[in-house]
Structures are given as C-alpha cells and as structure tokens.
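Participant: As annotated by TrEMBL, transmembrane segment applies to 20-39. Residues or ranges marked as domain 'Flavodoxin-like' in TrEMBL: 83-227. Feature annotation from TrEMBL assigns domain 'FAD-binding FR-type' to 282-524. Feature annotation from TrEMBL assigns NADP(+) binding site to 301, 538, 599, 600, 605, 606, 607, 608, 609, 642. Summarising the annotation, TrEMBL assigns FAD binding site to 457, 458, 459, 460, 475, 476, 477, 481, 491, 492, 493, 494, 680.
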C-alpha cells in the first residue's frame, strides 16, 4: 500500500504503535464536545441579548423581578397584594379586561396585579391559600374551534393532566367567546368547572361574554356583580369612588439616539432590518408582495388575489393554514388626531409602567414617536369601550360633552342605550368622538395608554405548498362602508394591501410583515378519501389550496377521491372568482363536481344552502356511505349554521335516524375531524 506521497510502506508497520491511540481519540472527542456546547451556549446568550428590545428601566429593579419572573406568588407576597388576574388572550381584549379588574381591586382594599399564565408557574396556585383574603380571577378567551389561546395552552393542559389540590384557592372566571361559533366559551367553562373539581372555591359565578353581541356590556354587568360577591365573601366594603389612576407614566425621550427608537417593529428593535428565523407573532417576516391583482370582473366591489413572497425565509406552511398580516393605520386618520389635539406627532416618548413588579414595562414598543404609536401600535378605528369614555370625562371642558361621556360610561339602562346607539350603532371610532365632542382634548400620551393594541389580521391561505412552496396566496375583499353618520370607514388591512402593488423589477417591491398560524383545517391523510367543500365568496380560499394539492397528487399518478365544491356569489359575470381555474380542474377530472349558486342572476335568490338541500343523495353518499370529509368556510353567523342544520336533516332522512341520533352522528364526524369549519363572524 502507498501513503499520500506515493512512498511504499512496509508490512512491518502494522506491528508498530499507532500514532494516535484510542485514548487520544476519546480525549479529542471530549474536547470537541465541550467546545461545541460552550460556543453555542455563548451564541444563544449573545443572540438573546441582541433580541432584547431597548427599554427604559425604572431606576431600581425589584429583587423579585431579578430572581423569579415565573413566581407570581412571590410577587404577591413581597408587595402585599392579594388579587391576581390571569388572562388568556388572542386579540388583546382579555388582557384589557384583566387590567381593568386589577385596577378596580384598589377600591375594595385588594391590591392587584395582571399575569400572563404563559409566563407563570401555574402550579403555584396551590400556595394562594397562604395569602390572606386572596383571589385569582381568570379572563379567558376561547379561540378557533374550542381551543385555548396560545398563551393559555400550557395552563389548560396543566389543568387537564394534573390533580393539584387547590383547596383554599378562591376564584372567579370571565369567558370571552362568540355565540356564532359552536364551541361558545368552551375553554372558560372548562376552567371554571375544573378549578372547582380540584377543590377551589368559586367566589362568583362564571361570566360569558358574547363578542357577536356586546361583550363590553356583558363584562361590565358581570364585573359589577363580581365585586358584590367579593365584598360578601370576604366581609369587606367598597373603599370609595373609582379614580382614574394612570397605569403608565410619560417619559420624555427627546435625547434618545435615533438608532434606539422603535419605528413599527413588533418586538425586537430593528427586526425588519435584521430578519432572523424563526418567524412568529412577535417576530414577523417582512414579505414582498409578489402579485396583487383584482379578481372581480365588474361591479363596485373589489376582491384581491395577493401573493406573499417567502423565498429564503425558511417559512413552511400546510394547506389550510392561516397567514397573519400586520397592518398599519392610514396616515390621514393619524394626522387627524394630531390636528384635533394640537400635538407634535414626531415627539419621541415612552410610557413606563408605574408598577415596577409588572413584567409588562410598556404598553407597546418604546421609545417611539407618537406618529409611530398611532400608526403601528394602536387601534384607532374600532369602537372604544366604556372605560375610555370614563377616562375622557376629565378632558371635556364643555359641560354638555362631560354629561354625554358620563352617561355612556355609566351602567344605567339609559347609559347603555346611549353607548349602544352613539358608539356601536353609529360606528364611531376615537377620531369621530374627538370630532363630535370638540371640547374633549385628552393628553396624547394618556390616549395612547387607553387605546387597545392594533392586532394582526388573519387570512385563510388559498394556495398549496406542494404547488407554491415559495409563496403564500390570500383572497381578500376590500372593506369600505358608509356609517350612519355618513363617514366612510375603511378596513385597516385590506385598504393597506390594496395600495401595495408590485412594480417592475428595478424598483423596491412593497412589503408587509406576516407570519403563519397553524390550523386544524386539513385535508384527509389519504388522497383517496372523498370530500365535500362548501365555500361561498372568499370562503373558497382554503379550498383553492385543497384542490391544488389534490391536482398535484393526481399529476404524480396517485389516486384521488371525489372532490365536490359548492361555491356561491352574487353574479356570474361580476364576482365569480377563480372561474377559469375551477373550470380547468373540472375539465381535467380533479374537481368531480362544481355546484354553483349565483344569488342575483335570477329573480329568486339562490344560495349554496339551496343546492345542498337539492343534493341530499350526493351528500349522504359521500359523508355517510363512503365516510368522506365535509368542510365549511365562510360566514359563521348564518351560512355555517344553515349548513349544519341541513347536514343534520340529511343524516336524519337518508341515514334513517332520529334527530338525536343525527346530532350525535354529526358530532362524531366533528370529533373525527370529518366535519371541519373555518369560519368568521
């Protein structure tokens, strides 16, 4: 044999000691392993410190915050608090309600704090009994099809799988849900019952808020009775009238260096300039708009087909997932607030929590300019809640404006009626209120504290990653409508998207922050399983992805099951979206049947529900005889409910079942994921 230099090696070499012994090799492996872990631990720590956004810290940090952020019990004990309000929030409303309860606790000699269950060791609930006259309140939203919110998932699973002894824990629960969904307030109801099963004491009956009606009214009514129960349970009395105590204090940041000022980032400073995987709700991906085209052929409405470029992002999605889009408010509305309040929108400021033990130092990324806060961080287009009316009273110089605000902030029948008519029915946002009550001039920093956070908007993905691995498609109707006060309200996200039109390759393409939210809306594991899809209007979106995926499988030579689509719109020649694509899928055999309902192309209205009733045999053949899957996407308030009723009726008639048996059959379909809904109200 020869070495690398071609010198012949004698056979006697085999009897000599090797240059590297087994011990040397072992030591070398140990050294490399230690070096590897040391390097990556250092790198992780470095990355963590880089990701931490710039914050203005209070002059002295509490020892509790430094030693244990997860132990809410230690914080309660060290600060003399007896009330903790946990929130499970997906859009911010539950967190807002939790803050209002904690703030009101002071009126009843119960110093409170707000806590995110995701950041707490919830097993510490067993120690609540060690705090005299303690109370835990849970403001819990139900998300999707009866799921916990992301930040309450661990707590929910802890309750499901654990058997902690919660005797001595006093609690109350308020749920945030929507009656148009089947699993109305399911998570709050479960938590309320489970806490009692584990030995805890319910101080006040559960409150169920309905976002489809007036969740603010539901919350206020429950909250008033809650404090009556608290006073009775603990033998305490109300300490006096509620005062408007600021949660955050204003900090002048005019001397802060420009590179330390937030300019619209969700969490990490300069995150849009230095993008880092993985991308999620706190770290969205700045995606280029690759395609933005109109889908409607005529008429005064607009429906957009938009494609987000995710090439190089390492982002992956599955057919049926949702994409979250981070919008921004129109400059016209932002400028109007500055004009009405005579404020310098370009002044740099920060809002710092007056509670040093709170894990939430700022209501939104700070420091920033008022213009940035009003554009990217604050919701200035929704209807303000009653507590904002209450806080605005002190800023009204006209007695008439003062009285109007006092009335709307009250819980009297007259006050609720006025709030419902003037705010909700007339659809006024904070800009409209400041315009129509000209003497109301709140401090801009206080207004920024009061307004809720601007939330991302979710869209069903209308593409398949098998066909489009480097882009995400959505189908979105442009939202514009006239209010009873003759103002034109515009959808925040869709009107922004309508402006983001790609240009030629030489110019920078428009971008928008996005991330992917996983969904349970999934095709059957086997491509041979037959499916029925019901999606009028933009409800077609996820089914476009379903069809693409099955078409891809067919082209690969795999067997695919029947695909039946029910689609409806107003007029065939006006808003039949993706018409050519669908007809092509019918022609090549991917789409077995395409049932169409054009509601205004004939004297009598015709909807997909009418077609479903006419095709009862086909429905039962697929969902009953062939154990196929059924999917519904679109309006939850009427369409989805009507479809459910029709399915139950078909199961009764064709399956020869009683009403009770049919309901159980459909329920079993849902449990087996054979009946899935992706709906919105």
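Cβ atoms are placed via backbone N, Cα and C, with glycine included.
Bear in mind that TrEMBL entries carry predicted annotations, made automatically and left uncurated.
For the listed features, I'd like the structural context: burial, neighbours, distances.
Facilitator: Note: residue 605 (NADP(+) binding site) has non-local neighbours 599, i.e. same-chain residues 6+ apart with C-beta under 8 A of its own C-beta.
Neighbour list (residue 457 (FAD binding site), Cβ cut-off 8 Å, at least 6 residues apart, same chain): 324, 325, 327, 492, 493.
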Participant: Given residue 301 (NADP(+) binding site) and residue 459 (FAD binding site), what distance in Å do their CA atoms have, once rounded to a whole number?
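Facilitator: Their Cα atoms are separated by 19 Å.
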Participant: Which numbers of helix, strand and coil residues does DSSP report for the domain 'Flavodoxin-like' (83-227)?
Facilitator: 65 helix, 35 strand, 45 coil
Participant: Checking the binding-site residues 459, 475, 477, 491, 680, which are within 10 Å of residue 607 (NADP(+) binding site) at the Cα level?
Facilitator: none
Participant: Just going by other Cβ atoms within 10 Å, which of the binding-site residues 475, 599, 609 has the emptiest spot?
Facilitator: 599
Participant: Of all the Cα pairs drawn from 457, 458, 459, 460, 475, 476, 477, 481, 491, 492, 493, 494, 680, the residues the record ties to FAD, which distance is largest, in Å?
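Facilitator: Site span for FAD, by Cα atoms: 23 Å.
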Participant: Looking only at 459, 607, 680, which of these binding-site residues has the biggest number of Cβ atoms within 10 Å around its Cβ?
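Facilitator: Max Cβ neighbours within 10 Å, all protein chains included: 459.
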Participant: To the nearest whole angstrom, state the Cα distance for the pair residue 491 (FAD binding site) and residue 609 (NADP(+) binding site).
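Facilitator: Per the Cα atoms, residue 491 (FAD binding site) and residue 609 (NADP(+) binding site) stand 28 Å apart.
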